[in-house]
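Asker: I'd like to ask you about the structure that follows.
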Amino acid sequence: MSPYALSVLMSSLAVGTITTLSSTHWFLAWMGLEINTLAIIPLMTKTHHPRGAESATKYFLTQATASGLILFSTAINAWTLGEWTITDLNPTSSTILTIALAMKLGIAPFHLWLPDVMQGLNLMTGLILSTWQKLAPMALLITISHQLSPDLLMLMAILSTVVGGWGGLNQIQMRKIMAYSSIAHLGWMIMILTFSPTLTILSLIIYITLTTSMFMMMINLCSTNINKLATSWLKTPTLSALMMITLMALGGLPPTSGFLPKWLIIQEMTKQHMGLMSTIMALSALLSLFFYLRLSYVISLTTAPNISNSNLMWRARLKPVMVMPIIITLSLMLMPITPILLTII
């Protein structure tokens with residue numbers, strides 16, 4: 001792809017997200033979501049492969065349906081209340097809008113498009129879809145969190161955490177595993193959305209940090225499935241060890257950064273007298289932790305046989321990405337400074 005076209009598309013992604021974040025009018029927020037959708041579709045099809053075209057088609061159809069629902073709900077809201085302000089919603093519009101934003105994010109039971117779309121993308125586009133494309137819909141959900149139905153959000157959250165943990169168990173493709181990881185993490189975010197939006201923001205920040213560091217290491221190691229991941233220890237032992245710890249952080253093991261959001265969310269759910277829900281969420285997190293542990297086992301103990309007298313042929317020269325050490329450090333050591341960050345937010 002031409003650098004000029006790539007710069008225009010990346011700028012359009014930024015403009016679409018900033019438009020949605022800064023809007024107080026539903027039509028302007030819808031325009032920002034549409035700019036985001038239209039900007040990422042050429043990035044999906046730049047590989048000139050049938051899987052890329054299939055992913056772009058599935059993504060476009062899903063996002064177009066969700067955008068239609070957003071327009072429908074806001075039109076109903078403007079008809080009943082006489083205004084297009086984001087902060088005022090009637091119950092019918094709120095329910096339809098929650099479903100539409102859940103489709104855009106890939107929250108269960110509207111998640112079926114996400115693993116298939118992720119599998120057809122290259123790793124950099126998958127990184128954008130897993131992180132940047134979550135910002136605008138999640139910002140809208142946080143803005144209207146006080147008007148959403150807690151029962152509907154809890155139902156989708158439980159489904160997302162269970163589906164995200166269960167769906168990733170038999171996967172061997174890294175992009176599908178990251179897609180199911182995204183579904184599970186989104187379940188944790190929306191579970192606490194109506195009770196503590198601040199915790200949702202904190203969980204989103206840590207999720208984006210962990211996912212970005214994971215994708216950057218996969219890009220450097222050229223690992224798209226478990227078989228390629230098994231040779232990473234012989235190529236770059238240090239980066240493979242960091243990848244193992246990042247996987248533990250995604251699973252939520254202490255003392256990594258991924259543990260704190262789950263801990264705070266379960267603590268808040270306990271204060272709200274939601275003991276059964278918190279128990280189900282904690283048990284579903286064990287399913288996700290299982291396939292993260294399996295990936296760590298693949299990295300560390302199932303290395304490919306060394307067919308040479310020297311290990312030098314397995315060594316890979318890392319691509320110089322200046323931001324990667326910072327992202328990895330944050331994903332592993334953010335927990336001590338997270339209480340300060342939470343206080344600031």
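Glycine too: its Cβ is placed from the backbone N, Cα and C atoms.
Annotations in TrEMBL come from automatic prediction, not curation.
Remember, it's a predicted structure, so these values are computed and weren't measured experimentally.
According to TrEMBL, the record shows the following:
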- 23-287: domain 'NADH:quinone oxidoreductase/Mrp antiporter transmembrane' (DOMAIN)
- 289-341: domain 'NADH dehydrogenase subunit 2 C-terminal' (DOMAIN)
- 56-76: transmembrane segment (TRANSMEM)
- 96-114: transmembrane segment (TRANSMEM)
- 152-170: transmembrane segment (TRANSMEM)
- 233-253: transmembrane segment (TRANSMEM)
- 273-293: transmembrane segment (TRANSMEM)
- 321-342: transmembrane segment (TRANSMEM)
Asker: Would the transmembrane segment (273-293) count as touching the transmembrane segment (152-170), if touching means at least three Cβ pairs under 8 Å and pairs must be 6 or more apart in sequence?
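Answerer: They are in contact.
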Asker: Any residues 6+ beyond the ends of the transmembrane segment (56-76) with a Cβ under 8 Å from its own?
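Answerer: Hits for the transmembrane segment (56-76): 26-27, 30, 33-34, 37, 40-41, 44-45, 84, 90, 92-94, 96-97, 99-101, 103-104, 113, 116-117, 120.
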